[in-house]
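Participant: Provided herewith is a single structure, encoded as structure tokens, for subsequent inquiry.
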Amino acid sequence: MDKINPDWARDVPCRNVIIYGFCKKKTEGCPFKHDDDDIATPTSTPKVADTVPAPSGVIQQPSKISVSSLPSLNSQPSSTAPTSAPNATAHTGSKSQVPKFNAKASASFTPMSKAADGTQETQAPYLESPVAGSPGPILKAGTPVSFMQPNIYSTTPVPSPASMAMPNVVMPPNDMGSPDLGLQQQSHMVNLDGSIQQNYQERPNVLMRDSSMPLTMGTSGSRPMLDQQIHSISGLSNTSGPQPPGLLQSMNGASMDMGLPMNLRYPTIYPPTHSILQYHLYAPDPPPQLEIALKENERTPRMLFIPNDLREELVKRNLASLQLFPSGGNLPHIVKDYFGLVPLDFHQRSSVKDRYKKHKNSLYKVFSNVDGRIYLLRRIHDVNISDPTIISKTFQKWSKIDSSNVVALKDLFLTTAFGDSSLGIVYDYYPNATSLYEAHFVNYPTVEVTEDLLWSYAVQILNGLREIHNTNGVNIGDLDCDKIILTGKGRIKISAGAEYDIMNMCCPEDNEDDDNEEKLRKRNFVDLGEILFKLASKMCNCHGKDVANLAQVSEKLKNLIKSLAFEQLHDYVNVATIIEKYIGLDVVFKVMEAQQTYSEYAENVLSRELENGRLFRLICKLNFIFGRVENRLDINWSEPGDKFVIVLFYDYVFHQIDPNTGKPVTDLTHVLRCLNKLDAGVEENILLVTPDELNTAVVSYKKVKELVDKTFRAMTL
């Protein structure tokens, strides 16, 4: 066509408006049809747009609107209702009005052939013709209607069918996150038809029913819009014709039965970032009745790694070592050579906090600036020491004690970092260690007490007392369940030993007969007997101070408790005498055998982890040289190159495919066998095949090892 016919073009929509939303040649005489030809410029009072009557029997598909122009909650009820006449073609009321597309009024344009984001189109059953006076589109009898089924996991609000049926209502962008939705937003609606407002006036009961819905269902922007969609569709249940059966059920089930999250932007199925390690993510050991009998040469994966119970215990200790708690007070950031104070006063009773000459004390986990290790700091409040040699002498005496059953002293100093003159005593830190009082009387579940455990406690405490008593000028003072800590299964240590000596030197006026060293040592044995008696009473579940009530305890242990707790020892007694007379070497050997067995077990586990560490270093070396970006264009890593063998070997170890099923092979035994042979450099030959099975190579593990070492050294030079 050389020249466009204006009479023909005036009924054709301008393509510029459809694509760009406006036509820049409109003022220059564009002959095509523009939607805003007859619409006046918008002012403060919106005007009614021109409408044209809908032809009879033509389906009017609503224009999809943007998120910003979606109607608010309860903004428009659904009023489409089928009639009993199946062949009705149109309603008998006023003519339905079809809006013209206004690019300026529409925030965005969405093709009608594609569903909105986060929705799925499903075909509903055939609807009959609508009731007269309905503001919805004119539907021909037997015409399938496409409803938008919302995706409850989408963060984009989805328009409801009721809102799609009334495209002539232009909504301003509303605050989707505000809970104050309701009739107030209806006052901001721009009515371009007039019939819609009349419909609200004719059906006040529907408006009041919709506006009475709860508006505080959630805080996210998608929840109120989804409630609006559910309620708009639920209005179809008031009609008298056939209903779309699956739509309402799926909508209600999506928000109620499936548990719609309150804020769809953050999925609720993921654990929070601060959650601790979940041990169930590891494959647990099967129950004993389900274990398969293995041959002598067979192994299971759990036999190649650290046992689950030991792994969990070690992981918990590491977690406790690095765990931080809020201080809850004005703690200093640095105390002498230590920083990062973490309070550890969990179960300290008032009698325990004031036990050092009526001075309060506090426990902290600290990090050393000297060696970076974690230590335990005990602070004794408000201690005045005029002679600094008292601290140095006490530290020199206690630093000589080296026993597996005594917590080692690491540092001793005075500090004013807490706002007063405090005494700081630093010991070795044992993560997850608890006192005997906490382990057997406070924590749940409590540690079970047995007679073998009591004998083990007695031998270990006597071993620690032997080391303390053999050091001249060292006394531990009172011994109770709070001073003895449980560091592992059946392993205990005597803690808080240096506090007694230094506080006696600082406050000599409070000493009565504490200067008698023999009485102090005998008092330690009496305290040991009282500890054993408390634990034995808990085991037998009996009360009172009569040893005869301990029915589940052997006579030998009863005799030991009676001799120690009720001061039936002679004045000059030592550890060797107690062991020889009341315990016996058979008990000592039994405890020593248990400790030896556990040491061998721990070394065996460590040896397996040592092999795993060797293989891990080998895997790291392979990954350092394999798959690097700069090697993609290197001819040495291509099929003709000499380093292509490393690529084939890597695929041979980790990327094998089962020829029968076509699935990847995850054989841990195959990986360990290949890596061990590679690390040893055996002469065994292997057949390496390319993925397309066109090229093969026969090479030994020794050659592959030499090639890997050569490539790694060349890369690190």
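Sequential numbering from 1, following the chain as shown.
Note that Cβ sites are derived from N, Cα and C of the backbone, with glycine treated the same way.
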Participant: If you look at how Swiss-Prot annotates this chain, which of 8-37, 338-367, 638-667 comes out as zinc finger?
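Facilitator: Comparing 8-37, 338-367, 638-667 with Swiss-Prot, zinc finger matches 8-37.
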Participant: Suppose you had to name the range Swiss-Prot annotates as coiled coil; which of 391-429, 430-468, 586-624 would you pick?
Facilitator: 586-624
Participant: Reduced to three states, what secondary structure does DSSP give Tyr429 (ATP binding site)?
Facilitator: coil
Participant: What whole-number value in Å do you get for the largest C-alpha pair distance within Arg378, Asp428, Tyr429, Tyr430, Pro431, Asn432, Ala433, Thr434, Ser435, Asp482, Lys483, the residues recorded as binding ATP?
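Facilitator: Result: 17 Å between the two most distant Cα atoms.
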Participant: Over the span of the region 'Knob domain' (625-717), count residues by DSSP class, listing helix, strand and coil in order.
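Facilitator: With helix first, then strand, then coil, the region 'Knob domain' (625-717) has 47 helix, 12 strand, 34 coil.
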Participant: In terms of DSSP three-state secondary structure, what is the assignment for Lys483 (ATP binding site)?
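Facilitator: Note: Lys483 (ATP binding site) is coil by DSSP, not helix or strand.
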Participant: Please give me the CB contact count at 10 A for Ser435 (ATP binding site), counting all chains in the structure.
Facilitator: 23
Participant: Let me make sure I understand the structure: which of the binding-site residues listed (Arg378, Lys483) has the fewest other Cβ atoms within 10 A of its Cβ?
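Facilitator: Lowest Cβ count within 10 Å among the binding-site residues (Arg378, Lys483) is Arg378.
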